[in-house]
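Feature annotation from TrEMBL assigns transmembrane segment to 68-88, 94-116, 128-149, 169-195, 207-229, 289-307, 370-390, 618-638, 650-674. Marked as region 'Disordered' by TrEMBL: 690-720. As annotated by TrEMBL, compositional bias 'Basic and acidic residues' applies to 693-720.
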Amino acid sequence: MTDEKMDETKKKTKKTAECCGFPVSIFFIVVNEFCERFSYYGMRAVLVLYFRYFLLWDDDLATSIYHAFVALCYLTPIMGAIIADSWLGKFKTIIYLSVVYAVGQVVMAVSTIHDITDTDRDGTPNNFTLHIALSMLGLILIALGTGGIKPCVAAFGGDQFQEHQSRQLNTFFSVFYLCINGGSLLSTLITPVLRAQECGIHTQQQCYPLAFGVPAALMVVSLVVFISGSGMYVKTDPEGNIIWAVCKCIGFAIKNRFRHRSSAHPKREHWMDWANEKYDKLLIAQVKMVLKVLFLYIPLPMFWTLFDQKGSRWTLQATTMSGDFRAFILQPDQMQTVNPILILTMVPIMDRIIFPLIKKCGLDFSPLKRMTVGMLFAAMAFVCAALVQIEIDKTLPDFPSSSESQLKVVNMFNSSLNVTISHKDTLLIDSLESSAGYVTLDHQEITVSLNSSGITKNFSLIAGGRQTLIIPSDPSVMYLKEDIKSKPREGRNAVRFVNGWTAVLNITNLESNLEPTVISNYSLVAQGTRKFVLSNGAQSCEFSQTFGFGSSYTFLIPSTLFSTDCKSIKAVEDIQPNSVHMALQIPQYFLITTGEVLFSVTGLQFSYSQAPKNMKSVLQAGWLCTNAVGNIIVLIVAELGKLPKQWAEYLLFASLLVAVSVIFSVMAYFYTYIDPAEVEAQIRSELGFEPEEEKKKETLEMEDKDKDQQNEQEVKQTKI
Ligand SMILES: CC(C)C[C@H](N)C(=O)N1CCC[C@H]1C(=O)O
């Protein structure tokens, strides 16, 4: 054996330091993953808010760019895997792409400093183009980094284990998943708090630089931790441009099959065998292994399509629920943290109790069965979501359909009025009162008559809209104002005021002063007791109102405002607060998380164990791609619009996933598990190559001999 070859083999079979049966190097890898996931999920937690309130994009643009970014993060693993398996090896790929990632995070954090373009010091950036350009550059670098290293880190972790450590290898993937969720949980709790701080050099703003800066720092820590373990890792070098070789081999097999399509040529066992003429048996066997697994992956994106809706549809569902847990108030988007919390408890329970119990009962719960059951759990989660939605729908107001219009009447006149709409509906409304609820009309052109005064006026209503007719102290100038026709965003409450006072009023929470007889625009207030101060310069009074989640109120200010010390203000409830409790979402979170543990943790292990040694990262990337496709499906579904009833959409997704899991179980039935190392060794020996095991033994023996010689020399020296 040449020296070069010996060095190479020594590297591959290096004995690693162990602790409790685990390679010590694993410690650096899981800590690295923890910090990296903190960095990624922490940045993601505040990203949409940054788009919405810093770059001032509208909701649609902000959510589309956000989902496109997430999808990109799960597509770039292919690039990372190709670099690692064909060119640099996993170790160097992780280091170089982590540098790209950290630079991206820093660029992103810099893009959020408004002072860099706030030349007039008014607290708002003056050059949005620069901020947008910097943040897009940052996001692209982050996507390249996070996606690129993701398949390599998991596979590199797996590479640290020796053959006798297969039990520990499975535990590693569980611990790896715990670290992902530990990091993401901490960061999703911390970064929103950092964002809520005020900071800035010239003026005080929400502290986005801190919220993005801390994840950037964690990414640098992640890199440093990874490099610190450098001396302990088992590093396998890439065996040439394997991906290119695989593509050429597949291309040749297809071409060759096509050339020999006549029945004169005997069929071959597998279509890849048509590459036999040109490529060696080992490569063909490896390609077969990879293709078999990739084929199994085809139905899997459907799981992620449901899973990823936690962050969108389920959070929207939470905005129509009450988050009052007495001891604390939970905001709708905070409900998502239930997932990593449950992961942290369920992974150990599954690993230590459930799986061993199932094994004890003599049941075969092979990886592909676990994944199928995981999909069924996710489908059940969506059935639960549908049931919760049905409960919520019972409490939601009946918003108008696209052909209907709804009208409410507010009487600010100093006595009761009989209001007739289109000579049909007559409403008796007391002074400083509103009609009881909205009147639904199937036409838009209406005539309003005030019977006592003989005033009649025509109005054109908005189709599909809700409006309020304000009858001021001078009824002849009655007018319409558009109302919100959905629950206010993020579980907040929409409030507005009608000024029945005789002069301009200043009201806390409102953007501008309120003219007499005018109704203000809505402003949003959070849950809890809120105080409003009303003043006209000379006098002022205050009143408080307790809000739940997702309500809407119109406050009617009478002409007697200051003489009654604000007590005569009348609150009209336009949309009632949410009454279904957010705790009802816990079962669906529990089911989807159980599904995730069965599906995702197993999928990680499966992708590693079934991949040939030189294509471990590639299969990890294939696995991550299923997540990217799932995200893209969510994007498409969001664009195409939804079914008229949300619960029906949930049921549709649940049924689709059940159908997909049936297909997957059939595919899984025909899959035979392999030990890639064994298959490769067998082919090598058939081809007359020196078996890997023999090589390993030889190298270990040589290492031992080296050590013995060293020891002998040391002993001699001591004697001398
Ligand atoms: C969405 C949670 C914060 C994290 C989730 N439980 C999870 O661990 N993952 C979702 C996609 C795969 C995996 C990850 O690697 O982040």
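Each Cβ is built from the backbone N, Cα and C atoms, and glycine gets one as well.
All annotation found in TrEMBL is predicted automatically rather than curated by experts.
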The transmembrane segment (68-88) in contact with the transmembrane segment (618-638), cutoff 8 A, at least 3 CB pairs, sep 6+: yes
Contact set, same chain, for the transmembrane segment (370-390): CB under 8 Å, 6 or more residues outside the stretch: 300, 302-303, 306-307, 313-314, 317, 580, 584-585, 587-592, 594-600, 602-603, 606, 646-648, 650-651, 653-655, 657-658, 660-661, 664-665, 668
Contact set, same chain, for the transmembrane segment (289-307): CB under 8 Å, 6 or more residues outside the stretch: 246, 250, 272, 368, 371, 374-375, 378-379, 381-382, 592, 595-596, 599, 603, 606-607, 610-612, 615, 618-619, 622-623, 625-627, 629-631, 633-634, 637, 653-654, 656-657, 660-661, 663-664, 667-668, 671, 674, 676, 679
Intrachain residues whose Cβ lies under 8 Å of the transmembrane segment (650-674), provided they are six or more past its termini: 289, 292, 295-296, 299-300, 302-303, 305-306, 309, 313, 366-369, 371-372, 375-376, 378-380, 382-383, 385-386, 389, 610, 643
Within-chain partners of the transmembrane segment (169-195) [C-beta distance under 8 Å, separation at least 6 from its ends]: 22, 26, 29-31, 33-43, 45-46, 49, 154, 157-158, 161, 206-208, 210-211, 214-215, 218, 336-337, 339-341, 343-344, 347-348, 351, 597, 600-601, 604-605, 608-609
